[in-house]
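Here's the structure, in structure tokens; my notes come after.
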Amino acid sequence: MATRKIAISTGGGDAPGLNAVIRAATLAALERGWEVWGIRQGYRGLLEDAPDGLIRLDRERVRGIAHLGGTILGTANRGDPFHYPTPGEHGLVPRDRSDDLVRRFRERGFDALISVGGDGSMRIAYELLQRGLPLVVGVPKTIDNDVCCTDVTFGFDTAVSIATEALDRLHTTTEAHERVMVVEVMGRHAGWIALNAGIAGGADAILIPEIPFRYDAIADKIRLRESRGRRFSIVVAAEGACSEGGELTIKDAGDAFRRTAVLGGVAERVAKELAVRTGKEARSMVLGHLQRGGGPTTADRLLALRFGAAATRFLVEGCGSGMVALRANRIELVPLAEVAGKTKTVPLDSDSVVTAREMGLCFGDEPPGHFAER
């Protein structure tokens, strides 16, 4: 019987734990006598004719990489095979090269793909299945924690830890200058990072996409703190947070190769509004890619290793296509159809939201005078 061949790709934004997935999936496959290859830069390694587009993964290649940030395979935000950048008469134009990808995948003799990525990568994986890719197991990766059907994604714990440490450090400088500090964290559609870091890092207000906010409600909270002798306040805002009746703060509208605009600037907008409403000095800062950088926390490393080994196990055991998911601390395989095109947002009745409200944290949706009456 011919040796079975697995290909691994990492797509979308990087997240701490990618290398741990690659290591575990590779070692689990090699233990079973399977051959493993890595596709460089998302799907570019298959769609471009570069000599190093595919990397043979053996024990030496994946030795000592579990604790490293980034990905040894590289990744790409503009490598969607259904909207692939292709040279045209007037520069690059988007072209559907999904059929080319499936054909090259089969020509290389691959039996299955392990696709490590976020919601966009899971959608692409599902669509490639419809185009004839033989077998796909997805591994949920995103610091935003917004992939549905799994309790958590790897990369999230690291991002929350980094954001929490930043808030801890900002407390001293913000208090020293008696300022308002607005900190912007990632979270386009879901406020998981802002919510968890805000609670853990002692923020006074948390702004998330799920709860449209009012500037006056935040100002009320700041004035209440002033009346109690607390002359500084810290606000943490997800990049996708939006005021009531307002619009998303867009940094870059994007181009034909990105299906979504790049968000950014909500912290600056909020800081300016709060300065006017409170008369206090208000500053803003954006954590940005610091949330993605560096090695994974122990929790993320372990989860990524579990996900990687499980992805190979489900392939070897003939469980079919799907996405590995953590549910009640068990790794399960869920259908890609249940994941593709869906987003996991913060439930407004979640224990974390309730906890924050019980501790007096402001979400900006409180009625007028709510904080002043306390």
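Don't overthink the numbers, they just go from 1 along the chain as shown.
Positions of Cβ are set from backbone N, Cα and C atoms, glycine also.
Here is what TrEMBL says about this protein:
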{"type": "ACT_SITE", "residues": "Asp144", "note": "active site, proton acceptor"}
{"type": "BINDING", "residues": "Gly13, Arg78, Gly79, Gly118, Asp119, Gly120, Ser121", "note": "ATP binding site"}
{"type": "BINDING", "residues": "Asp119", "note": "Mg(2+) binding site"}
{"type": "BINDING", "residues": "Thr142, Ile143, Asp144, Arg179, Met186, Gly187, Arg188, Glu239, Arg283, His289, Leu290, Gln291, Arg292", "note": "substrate binding site"}
{"type": "DOMAIN", "residues": "5-315", "note": "domain 'Phosphofructokinase'"}
{"type": "SITE", "residues": "Gly120", "note": "site 'Important for substrate specificity'"}
Message: Using a 10 Å radius around its CB, how many other CB atoms surround Gly118 (ATP binding site)?
response: 22
Inter-residue Cα distance where the pair is Thr142 (substrate binding site) and Arg78 (ATP binding site), in Å: 16
- prompt: What average pLDDT does the predicted model assign to the domain 'Phosphofructokinase' (5-315)?
  reply: 93
Message: Can you tell me which of the binding-site residues Thr142, Met186, Arg292 is spatially closest to Asp119 (ATP binding site)? Compare CA atoms only.
response: Thr142
- request: Could you say which of the binding-site residues Ser121, Thr142 has its Cβ with the most other Cβ atoms inside 10 Å?
  value: Ser121
- request: Express the distance between the Cα positions of Asp144 (active site, proton acceptor) and Gly13 (ATP binding site) as a whole number of Å.
  value: 11
Helix, strand or coil at Arg283 (substrate binding site) [DSSP, three-state]: strand
Query: Rounded to a whole number, what is the top Cα to Cα distance in Å among the residues the record ties to substrate, namely Thr142, Ile143, Asp144, Arg179, Met186, Gly187, Arg188, Glu239, Arg283, His289, Leu290, Gln291, Arg292?
result: 32
Query: Cα of Gly120 (ATP binding site) to Cα of Met186 (substrate binding site): how many Å, rounded?
result: 16
Task: Using DSSP reduced to three states, classify Gly118 (ATP binding site) as helix, strand or coil.
output: coil
- line: Same-chain residues at least 6 apart in sequence with Cβ under 8 Å of the Cβ of Gly79 (ATP binding site), in sequence order, are Gly11, Gln41, Gly42, Tyr43, Arg44, Leu47
Rounded Cα separation (Å) that holds between Arg188 (substrate binding site) and Ser121 (ATP binding site): 16
Among Met186, Leu290, which are binding-site residues, the residue with the most C-beta atoms within 10 angstroms of its C-beta: Met186
Field: Other C-beta atoms that fall within 10 angstroms of the C-beta of Arg78 (ATP binding site)
entry: 17
